[in-house]
Amino acid sequence: MKAPVRVAVTGAAGNIGYALLFRIASGEMLGKDQPVILQLLEIDNEKAQAALQGVVMELEDCAFPLLAGVVTTADPLVAFKDVDVALLVGARPRGPGMERKDLLLENAKIFTVQGKALNAVAKRDVKVLVVGNPANTNAYIAMKSAPDLNPKNFTAMLRLDHNRALSQLAAKTGKTVDSFEKFTVWGNHSPTMYPDYRFATSGGASVAELINDQEWNANTFIPTVGKRGAAIIAARGLSSAASAANAAIDHVHDWVLGSNGKWVTMGVPSDGSYGIPEGVVFGFPVTTENGQYTIIKDLPIDDFSKKYIDITLGELEEERAGVADLL
Ligand code: NAD
Ligand code: LMR
């Protein structure tokens, strides 16, 4: 039997937490032979902590053979102690009358504290995935607040956008979602993201040639994927939870266990590729192997793509400037 891996989840009593924890405990994220200890963080509030205890009771009632322990706490230093993987899901939602800038600042405070705590107590090779919005900038803040950890340990979730796009491509082409290779989403997890199928193939055939409809790309595909989160909020009255948890599982699964040569999208600190300034947490095509990701380099960027990439980068630069005083 392998030694247990410690997995921290913040916002564990929230909607995504509820869709996520049971799948981690059943081995879907790290493998069916990998025991896990869950270290669950919630805010220091009676209602949230009580709800968290209810979730733990349900975890117990599943009798998961791989669940080797559960810790609950309101203290990030306890939640992140010796963790191998940290899923930062909990974030301040936008309240009535709150501007985007206020949201950014409220979350900046949370992710500064959590970055410092990871820096102090997490395993030195901890893999951090930020789900809580604004995910790219929150990941950037946590990374900057953890100077003793490798910046490459910090990632943001664009896998939901990647999966959403595959589903749209499958519906358009009649091909299966798992047939697609070499697809990616560039940039910010926000409506400015740029889903890009120029390099994508299905069964060896070019997806761009199969579709052959630039009008559909510009006026249907890109906006549908970019605004999918808002469409779900409008329909459900709540933001996506099961699909977000599923994407978090896919992201960490592939990071730890490898993508077998397939491109996946991860929000990672730029190494300067494609002219994205170093450190900006940006959605890139990557492959993963042996617990490491590698950005796919030297793809041609045409004028159409450059326009989209510049817009999403501009938004990220603006977000970064908005929190600069705190870092
Ligand atoms: P939710 O409101 O149901 O749950 C969030 C939980 O986080 C709450 O229980 C809250 O008490 C907790 N929390 C807040 N601040 C915390 C802190 N400082 N420490 C620990 N816990 C804290 O929200 P949800 O539906 O689970 O969504 C969580 C976040 O994920 C939101 O920011 C949402 O916008 C984001 N999201 C991101 C993606 C993505 O693709 N990146 C997709 C969907 C949702
Ligand atoms: C999503 O993409 O579903 C979410 O990020 C939307 C949101 O604002 O919570």
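Placed from the backbone N, Cα and C atoms, the Cβ positions cover glycine too.
Features reported for this protein in TrEMBL:
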{"type": "ACT_SITE", "residues": "H189", "note": "active site, proton acceptor"}
{"type": "BINDING", "residues": "G11, A12, A13, G14, N15, I16, G17, N107, Q114, V131, G132, N133", "note": "NAD(+) binding site"}
{"type": "BINDING", "residues": "R94, R100, N133, R164", "note": "substrate binding site"}
{"type": "DOMAIN", "residues": "5-154", "note": "domain 'Lactate/malate dehydrogenase N-terminal'"}
{"type": "DOMAIN", "residues": "159-319", "note": "domain 'Lactate/malate dehydrogenase C-terminal'"}
Just going by other Cβ atoms within 10 Å, which of the binding-site residues N15, R100, Q114, N133, R164 has the emptiest spot?
R100
Under DSSP, the domain 'Lactate/malate dehydrogenase N-terminal' (5-154) has how many residues in helix, strand and coil?
67 helix, 28 strand, 55 coil
Distance from A13 (NAD(+) binding site) back to N133 (substrate binding site), taken between C-alpha atoms, in Å:
17
Please name which of the recorded positions listed here, N15, G17, H189, is nearest in space to R100 (substrate binding site), Cα against Cα.
H189
On average, what pLDDT score does this prediction assign to the domain 'Lactate/malate dehydrogenase C-terminal' (159-319)?
97
Under 6 Å from ligand 1 by C-beta, which of these binding-site residues make it: A13, R100, Q114, R164? Sequence order, please.
A13
Given a separation of at least six residues and a C-beta threshold under 8 Å, show me what packs close to H189 (active site, proton acceptor) in the same chain.
N133, P134, A135, N136, A156, M157, L158, L160, D161, G267, G283
Are there any residues at least 6 positions away along the chain from G132 (NAD(+) binding site) with a Cβ closer than 8 Å to its Cβ? List them or say none.
T10, G11, L88, V89, G90, A91, N107, I110, F111, N138
Taking Cα atoms as reference points, rank the binding-site residues N15, G17, Q114 by distance from R94 (substrate binding site) and give the first.
N15
For a Cβ distance below 6 Å to any atom of ligand 2, name the binding-site residues from A13, R94, N133, R164 that qualify, or say none.
N133
